[in-house]
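Trainee: Let me give you the structure first, and then I'll get to my questions.
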C-alpha cells in the first residue's frame, strides 16, 4: 500500500517555526515528509533537516519524497523521545526549530494489517515500531482485568472501561483474542445498545487507549518535549501538533511550566527559587485548522498546534 500523507496546518506550522534560509530543523515525526518538504523549500538553499520516525514504512516514503533535496536531509529511524541523543550523535549543535506531529498517520489508520483501525479485520498489533515486544494482542490477552480497565479509562476516557475489560477477560477465557474484528465485537457487546448510538464508533476510544499503551505515547511525548527544548538554540522554536485532549494537555502543561517555572509561594513578593523561564508561547491561543482545511482534509478537524520559543538564560517570558 502506497504511503500517502496530507500535512495538517502546513502554513500555520511554517509560520510558528519561522523557517528561514540556512536554518537547521528537526522533524521528530517525519511521516510521509509533507511538513519536512516545506521546511526544506523554505530553508533553501542550504538549510538542513533531520527527520525521525519509528515506522520503517514512513521513513522509506519520506526518503523517496525528500530525495530531491539530497544531502540536506538526514533520516533516522527512532522514536522522537530520543531526539536529543540523535542530535548529539550527529554533532548537530543547536537547532533553529523542532516539529512534533503527534499521533497515528492517515496511512497507518488506512493500512489494515497494522491493526490500528477498527474498520479493518487484522492481527492485533498496533505497534508503530514493529521491533517492540508489546503488541495489542499481548495487552488484551495477558494483562490483568484491572490494568486493562485503567488503560481504557485513562487513555481512552471511556466511561464503560470496567465493563469492556470484564468482557475482554471473559472472551479470552474461551479463545485468544487475535484480531481487531474480534476485539470490536467484544467492545460492542460490552457497551449497552443505547450508548453505542452515541459519539461515533463504539470501539474508537478503546482502540485509542490500547494504541497509546502499546506505544507508550504519552511517556514518549513528555520525554520528547524535554529533549526538543534541550536541542534548540535560544530563539529557536518548538511546534507541536496534537490530535486529542490527552496529548494536548501534556503539551499545554509543559509549555506553561517552561514559561512560569517559579515554585515560590504565591504570596511571596519576590522570587527566591531562582528558576528562570525556559520558553514562552509563540501565539496566545492554540491554532486549529480552518474550515477550508477541514473540508479538504477532515482528519485535520481535531488538530491543535502549539508553539514556543526558547529563551536566553535569565530572559523574562512576556
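Numbering starts at 1 and runs along the chain as displayed.
Glycine too: its Cβ is placed from the backbone N, Cα and C atoms.
Here's the feature list from Swiss-Prot:
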type	residues	note
BINDING	33, 34, 35, 53, 80, 101, 108	S-adenosyl-L-methionine binding site
Trainee: Please report the DSSP secondary structure of residue 80 (S-adenosyl-L-methionine binding site), reduced to three states.
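Mentor: Its secondary structure by DSSP: helix.
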Trainee: Mind giving me a neighbour count for residue 80 (S-adenosyl-L-methionine binding site)? Other Cβ atoms within 10 Å of its Cβ, every protein chain shown.
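Mentor: Total other Cβ atoms inside 10 Å, all chains included: 26.
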Trainee: If I restrict to non-local contacts, at least six residues apart, and a C-beta distance under 8 angstroms, what lies near residue 101 (S-adenosyl-L-methionine binding site) in its own chain?
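Mentor: Once residues fewer than 6 apart are set aside, residue 101 (S-adenosyl-L-methionine binding site) is near 7, 8, 27, 28, 29, 31, 35, 240, 241.
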Trainee: By the count of other Cβ atoms within 10 Å, pick out the sparsest of the binding-site residues 33, 34, 35, 53.
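Mentor: Per-residue Cβ counts within 10 Å for the binding-site residues 33, 34, 35, 53 bottom out at 34.
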